[in-house]
There are 4 protein chains.
Amino acid sequence: MAGSKYAYVRNFELPDPLLPGTFMLLRLDGHSFHRFSDEHGFTKPNDSRALELMDHAAKDLMEQYPDIVLAFGESDEFSFLLRKSAALYNRRQSKIVSTLASLFTSSYVFHWAKYFPDCPLKYPPSFDGRLVLYPSAREIRDYFSWRQTDTHINNLYNTTFWALVQQGGQNTTYAHATLKGTFSKDKHEILFSRFQINYNAIDARFRKGSTLVREELPEKTTANDDGAATGEPSDSGAPAAVKMRGRTKPRTQVVVLHCDIIKDDFWDARPEILAD
Amino acid sequence: MAGSKYAYVRNFELPDPLLPGTFMLLRLDGHSFHRFSDEHGFTKPNDSRALELMDHAAKDLMEQYPDIVLAFGESDEFSFLLRKSAALYNRRQSKIVSTLASLFTSSYVFHWAKYFPDCPLKYPPSFDGRLVLYPSAREIRDYFSWRQTDTHINNLYNTTFWALVQQGGQNTTYAHATLKGTFSKDKHEILFSRFQINYNAIDARFRKGSTLVREELPEKTTANDDGAATGEPSDSGAPAAVKMRGRTKPRTQVVVLHCDIIKDDFWDARPEILAD
Amino acid sequence: MAGSKYAYVRNFELPDPLLPGTFMLLRLDGHSFHRFSDEHGFTKPNDSRALELMDHAAKDLMEQYPDIVLAFGESDEFSFLLRKSAALYNRRQSKIVSTLASLFTSSYVFHWAKYFPDCPLKYPPSFDGRLVLYPSAREIRDYFSWRQTDTHINNLYNTTFWALVQQGGQNTTYAHATLKGTFSKDKHEILFSRFQINYNAIDARFRKGSTLVREELPEKTTANDDGAATGEPSDSGAPAAVKMRGRTKPRTQVVVLHCDIIKDDFWDARPEILAD
Amino acid sequence: MAGSKYAYVRNFELPDPLLPGTFMLLRLDGHSFHRFSDEHGFTKPNDSRALELMDHAAKDLMEQYPDIVLAFGESDEFSFLLRKSAALYNRRQSKIVSTLASLFTSSYVFHWAKYFPDCPLKYPPSFDGRLVLYPSAREIRDYFSWRQTDTHINNLYNTTFWALVQQGGQNTTYAHATLKGTFSKDKHEILFSRFQINYNAIDARFRKGSTLVREELPEKTTANDDGAATGEPSDSGAPAAVKMRGRTKPRTQVVVLHCDIIKDDFWDARPEILAD
């Protein structure tokens, strides 16, 4: 066949399978989102539209990839947990990382106009991805604790910082200086005494980030179930009733929560996330 | 600091640097583009709008990443050559593969409406990426010969196939059967004798694919050169006059060619592509 | 400094750290040991001298590398389990695999004459090594079950095969044919009815392989403990009383067992092997 | 089959092929050879017996592995160059590194008594190995220049240092202080003026290290060539007349040189080393 004398170049592509029996954790991060958020006028310290758009893209990923059992997002980053036994793309690293980063980005651009109807996208944003393996449930728990602690620390800082700037009239240099060396309780105190802001009353989305899980839908009792869902949970994916091994699995949908994922409650209620 | 007891999870992220001194070849492939092209009514055997959109996304990548010295695209795939000495992201594999796949996808969705003004995007498309290292120029030549030969073989087949279907009235099963076991000259003959199509007169874009290279812009002679280009080569990136090491490098722009890249001429005229 | 213009070549050496928090399993296999055992007149089906020499080399490895918590050997192979938290050589793969393969081989050659006093080594033998990561205790249990099952299957076959040849007068081709398609109970029957061999009475070393573990030495009660052991367990390593974190750890020695490691008993009695 | 329920553990062994079309450079280093050389009374600054033993082990490797086209050794380290096209063990990294480290070590122990007839080996020595890929001939040249420059620097220092200690009566601390901040010419001067040592007259083995290459044997003219060599170049391997693709390749033997490998002469005379 023509071309066969060149086909040897395929031999330079080396296999990159990931170790079986381990959790895969994919984290996507916005590329140069400091500039991107400036150019598109994101509200400070948090822009609900931008965060909801991130959630939407993450939800699209979970609906397309059943191996993703949990996702957590804050700011311009999102983490996705793939089950231990996931065989997605034969666990080939580049294939997984590139495809998921690509789809997330695609969904982000695709849905942009829904969340920013008055602000056209000026240029195409991008996200980088990295995939880390974790051998045990303990490390997965600690990974998500690490991210949510980060959310808390950043958001408390940013909320106080922008209160000083926007309501307190400080310039940004001065505001940073004001906060230097302060502890959490100091920031709570600044917010409350100077700006009458009760930090704990702030939108949980900002304080806790977004946690996406699958939830079972209630059984449908109508006889006329033809597979079409009546209440679409999102425009990009219907709740799926997947047939596996001869029986119908429960219909699930992806839901977005803004709750604590550091304590045991969240995990005790969802043992399937860390199950084999 | 709060959160520090969880920070150990970062230690599970392993380094993935690519061997220095080798060419990096990144190939992006459309994910499930058979369905995607059907859903969006792509013209058969080739859809110029779709191909031009691919070229546009590839051009955006080259304008953003100076390490890319050559790109070649056909159908729903694009290959990018990064120079041997590229230090992009410290040659970290996941970072490079994910970021470039992400930006290409982003650009594809971002520019969609320009090329398909009457056909809104129905859902977000995605691309996978893989990165292969090649130690020498010989293999790079052969890689691109492999892809362009593939373009030729596929396009000749598809052109004949769709002529049989669209003009010859065969159904697709019958058309495949007609072509089974035929050689190139047989397909040329079918095209010419039955459909008066001279294959070699078909748009070079379809026969040769798209090759993107950087070309120097002519020196500007106006005294009033303030860095603003007069003739923008694309809406996403101005020709760049980059200052490096104390002197102004020539202004270049990315151009799209549809030419032979198997023979020596193309390479002899552009020795910088394979240079160290 | 002279030579510094060449030192860039070090940059081509890429890091190869192994995933933390996983068990490392190193297996060494004799290289061309079929020929090696022929040239040195190994007794068939098992040569006790050769097996004891393997055990000795394995013991040397365990005494030199405290991270090895378990070893299992049969024929010309040996498997070594390194604890999950092992930080040996910063978990660099090549360093670990090469050093341990080297030391095992070195010890094998060094002690040869003790086990083969009348048979000088004719040429230097070698072993290859491979390192596999396992995320959980379950897989480690199954790994060792896999190897000991292999020992059983091979030894039952070989014992019957060589009985047919050595005592039954069959040539090797005929003996293989005799055994083709037989089950375990058939081989037991052949051994017992034709050769009066009760397979279960055969030396446990041959049936169960060699399992090496660390065992605590009884506390010494003599006041005059100067660190010199009174009963040396081997000539290559004294039982070690290692001081760590301010207290004396129990003195241990490596012992060789020929016991079942598939059932729970072995593991229940030694929880430290699979502990974190 | 018994055992098959455990065999899944094999799936955790991941492929580790090395990039094709690149030179492999394996370097072996003695493990804790400072202590080893003390325990075995190596002569300072150089022990010819130890160096010749290293050469012997390296020669054994080259005779066993035709893919090794060049080796260079100094002190307790040895570097081996495998040809670009080497397909040894399908280029599996662990297999290559472990097997070659093992055989080198084995040979070292095996031949010990020939070089140290009056000094029995006290314990088994070991070597670690690392494998680095180089894409081009330039880097291979520079790698060997790097090692030979290192040989020169170390040997000049050590020669001067031990002259100060052994002949000059300085203690080691004082001798180090004497040499601190000195340049090459200062050391030459110290050697010559204080100890009447002309550095360039010192044994080339010490100054240049050992370089092992294959050299063609002169054609044998006797009619009675039955493959047995008349003059054995070493006790561990006869010169090989290898039949490949229907013709007899020239008979070669491995020879040990102590020459400059930084300048072009060495390489110009042996173009086959860096050839494809």
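Any Cβ shown, glycine's included, is placed from N, Cα and C.
Quantities reported herein were computed from a predicted structural model and do not represent experimental measurements.
Record features, source TrEMBL:
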- C:6-135: domain 'tRNAHis guanylyltransferase catalytic' (DOMAIN)
- C:ASP29, C:GLY30, C:HIS31, C:SER32, C:PHE33, C:HIS34, C:SER75, C:ASP76: GTP binding site (BINDING)
- C:ASP29, C:GLY30, C:ASP76: Mg(2+) 1 binding site (BINDING)
- C:139-263: domain 'Thg1 C-terminal' (DOMAIN)
- C:218-246: region 'Disordered' (REGION)
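Summarising the environment of C:GLY30 (GTP binding site), the number of other Cβ atoms within 10 Å of its Cβ, over all protein chains shown, is 21. The residues near the GTP site, meaning same-chain residues not in C:ASP29, C:GLY30, C:HIS31, C:SER32, C:PHE33, C:HIS34, C:SER75, C:ASP76 whose C-beta sits within 8 angstroms of the mean position of the site's C-beta atoms, are C:PHE36, C:SER37, C:GLU77, C:PHE127, in sequence order. In sequence order, C:HIS31 are the binding-site residues among C:ASP29, C:GLY30, C:HIS31, C:HIS34, C:SER75 whose C-beta falls under 8 Å from a C-beta of chain D.
Mapped onto three states, the DSSP output places C:HIS34 (GTP binding site) in helix.
Around the Cβ of C:HIS31 (GTP binding site), the number of neighbouring Cβ atoms within 10 Å comes to 20. In this structure, C:SER32 is the one among the binding-site residues C:SER32, C:SER75 with the smallest number of other Cβ atoms inside 10 Å of its Cβ. Broken down with DSSP, the domain 'tRNAHis guanylyltransferase catalytic' (C:6-135) shows 57 helix, 31 strand, 42 coil. Here GTP is bound by C:ASP29, C:GLY30, C:HIS31, C:SER32, C:PHE33, C:HIS34, C:SER75, C:ASP76 per the record. The longest Cα to Cα distance in that group is 13 Å.
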